[in-house]
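Here the structure is laid out as structure tokens; the discussion comes afterwards.
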Ligand SMILES: [Zn+2]
């Protein structure tokens, strides 16, 4: 049922050449698949790179009501998936177009694609959860000074899910370390593995479905 779906709009990245910009703008009246959109809009990426992004985008339809679809005339908010400097996204909607950067250097992994899309969908890093001090000890002295803000706590909602070391939003033990010592350790057992998710966890999926009020039993379609 359509009412159960939440559509997230993707738009072709503007190209350097004017002629290519025009070509993409014209395409917006057509009904492209996500794969076709990326094919046209990311010509500087290889097929393999685009396949990783498409797989990440399409994975959401297998466990949630989120559907990424190409821009249509009249859409007011959309994501531009670009290869800028690094892997990043705003958290949540900013209005109009917003960038999700998946650099060719270091961002083309399934977990990274899901991670950045979850930011755009409104989710913060797991270690910023309001209850993280019960689960993670932050070693501030080991963090690169400019990066300390990544470890600030946020008044997260959590959607009734527990803290999850296997969340795709959880940084790893040495994230932003300036001295090769851990920047985070789990509590109470510091040997517990964390921050190694290769894909979204059950908790990541539950949070997404709760935030977007996905209807139950509507997926896989
Ligand atoms: Zn992130």
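In case you wondered, yes, glycine gets a Cβ from its N, Cα and C as well.
Copied from TrEMBL, the annotated features are:
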ACT_SITE  116  active site
BINDING   115, 119, 125  Zn(2+) binding site
DOMAIN    22-216  domain 'Peptidase M12A'
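Taking the mean position of the Cβ atoms of 115, 119, 125 as the Zn(2+) site, the remaining same-chain residues with a Cβ inside 8 Å of that point are 89, 91, 116, 118, 123, 124, 168, 169.
With respect to their backbone Cα atoms, residue 116 (active site) and residue 125 (Zn(2+) binding site) stand 10 Å from each other. Counting every protein chain shown, the Cβ of residue 119 (Zn(2+) binding site) has 18 other Cβ atoms within 10 Å. The secondary structure of residue 119 (Zn(2+) binding site), as reduced to three states from DSSP, is helical. A 10 Å cutoff on Cβ-Cβ distances gives residue 125 (Zn(2+) binding site) a total of 21 other Cβ atoms nearby, all chains included.
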